[in-house]
């Protein structure tokens, strides 16, 4: 974990060592001037007025000598700037302090920063695709030579407002730490008329921010214009040191307050608001009102003077063109701005122009020292560059030679450094799959990823990186349904900032979190700076969902003040032992510690903290998982700033050890530039034996110990059950990392598809072990042994179902009917049936709200209530009325339950029909676990992808399955039966054998398990609602099923009314199969079983007057599998290989 003691200097033992962030003593190698400045600062630190005066003097006369001394101090101890900023926040004279800091920042940029390139943000036209944000980069230090990025496609797109983006403006923050993009929310391509756009257009700004021009945060949709405004066009911003904030300005029509529909006449004015963070804004004010229209202002500051370029739409200055004005105060009223020149476009010989952006050329620009004004010649050429040598006395002319991107419209040019140009260009190069952005799992600088699975989603809880001294204060959560595409929470889930945050005891250093769920509550453990002890501590926060809201405990949970200590109390890792059910927490730096958690999960069980042994070279980053036959412990070795940072590995047979060191399981790959691979977490893909490891490494390019990015790779286990060393990869997560099928499985038990009644023994008193049905139970001419086996199984079923069941006090469950939701709820469910039935609802989904009883309230769906009533396992009461003597309400009869719970789906979408309940109750009586599928209510895609089903594979045939049906039975039937084929069956090409030609002739698609592919939506035909999956089914005794995390189902069933539904059309069935997950038997060796089972399947439960028949529909790629190559294959070898001649591996 970053910030660890070993990451900074050699550990000296004990818990008293501190990291540099909290070291009160300055380094000894200060110059005399530096020491003098530090001494003066220390004297003034307690006197805010004197410090304010000092910085005000600094702002007025920035002495290079004093500034250099301050800068030298900042390099040698981060305390100076940290305390200066903290003092600013508390000062009664904030303006002078801010000016002083701003002067220091500007001096530093002038002295150390030289721009050697440019970036260009723009939109391309009034179409849906054109109204997004595009990027271009200069070819070297040349303002007139540009290359389009991202293969000419938009980089930023909008999901808010009109979803259109125009007039993007980009700026670098005044302190150089952040880039902001502002854009107009307008979509003419989406159908908005220009009249509607100016009268009732958006009053919002679209905002993004980034620290590196590559990793952009979530879009913000911010209201800035008043209700009287008709639109908010072409926003721009400029830092104004006079007010210590950014002035953000834009064009709006303003209407009378009583003209709420904006039907009157108006004209554009320039409005402005102020902000310091581009999150909250002041009330909008009028900046420019010339009595006629003005739009598209942009500002350039040169030699202490603000130069403003505006489109004088109302021709007040002589023509409807760009004008140039000057002022020494940015927000001066219109009358205090001096007009420098007008009619700029006309004088330069252009057609009508608007949308100016102005900038000064970089030192060393190949075109010389100039000022540029790019203008949008919207009736002809789009953006064109104008240039002049003297900004104060300009002579604007069209540049003699230039190469701009294709069709750029109103945008911004921003000077950038050579390093920024390289990073920016590389990130958005045409081969985006090889860019730095695509080699990371989640965009941006993050580290210490804790990867977990809750429900149907994957979550990553990382450290927010990219801050000097690992000084981040915020925790975010990232969410994904497929391990490939991730979305970050809009707001932090926790902020460690003392009283300004929501963790009272912590003041920063938000490091290395972990999370675990218990009984519907999520426990989030994290480390942070504890000023009480001037050291790191571990805290805990709780939430009702993985995404929060989290509430932190008021005090730290673990400090380093006990009898068992570590170098730093950091890097917690929570673990539930699946064998004992106990919960543990692991943590430490230099000395690994572990303890058992109390039942409430917010404290350590007394006297259980131990020092772990056997973890060779342990430094930090503990993580534990269990996969039989071992507990697996991974941890980080070395300094997080070192390229040799790596992951060590140990195993044990008990969760607290002793541990056996197994070596390094993850380390750098120098030739690929994959460096400092460490601080990992490991998770199993539910329903499979597939495992993945998330970890961080140095960012690519330009990464270091505080600029790290998150990556994921596969984890494999050998025959002994040990992790195989993980090789870091560079490719996309969804190409070479996401598991698609498990390792070589054991021989498949062909009787798995038949019912196993052994579990029913528990229903009776004797608990005898019952035999299992055999493969040929349903075949004619069975042997005597098979007949006896089948008879025994039938007798077991008969005995179990006929066993007398009576109410016992310990098994009595009382429930109450809730008419509004048509469900029932219980506070005291009893019996084994409730281990797989009923759920606690999230606060937002609970029909009774988030009261104090929500965590104990179990909700039962209509089919669950009816099934339990039929079994006599529940007593359901009507809601009590005021007249009821029994406060519990009157008992509901079975007939009454049928009347309220069985409904007509044609009247109520998603209702429980008789057919659906017949299937449910029948499967439940046979011991299956049955849950509603996501498509129960007939919404969404015909068959929703199961949460953890393997992704579909690439189809190598000529047509997809759906296309085959369409072509064969739709297009061809439109032709005359006498038509002669007029196309080649096999296109020209190079064919090396007959197999290639036969494969090109195939009509039905083939599934290739070695590749990943998700068919395009256009291949999915619409289906009748009767053919949507209704239930997900798990076999009795399924080892992968867990109520809170059920994993992938064994079967998917679509309930069909046999009397009211026709035989499914071919196109309907093709669409069903097209959306089914790729789910064959896992063992490569079982080729015949794959053909028998099929690659995809769905079960139709056809209900005809109460009689249920099950029809299984599957597809199998006959002709695809090369059975002759596997004939005589030997038994399975190591890691999925095969022994025996040509049967090795996957064949040729």
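Cβ atoms here come from the backbone N, Cα and C positions, even for glycine.
Annotations in TrEMBL come from automatic prediction, not curation.
TrEMBL assigns the feature region 'Disordered' to one of the listed ranges (1-32, 33-64), namely 1-32. In the three-state DSSP classification, residue 448 (active site, proton acceptor) falls within a strand. Comparing residue 448 (active site, proton acceptor) with residue 620 (active site, proton donor), their Cα atoms are 11 Å apart once rounded. The number of other Cβ atoms within 10 Å of the Cβ belonging to residue 448 (active site, proton acceptor), over all protein chains shown, comes to 32.
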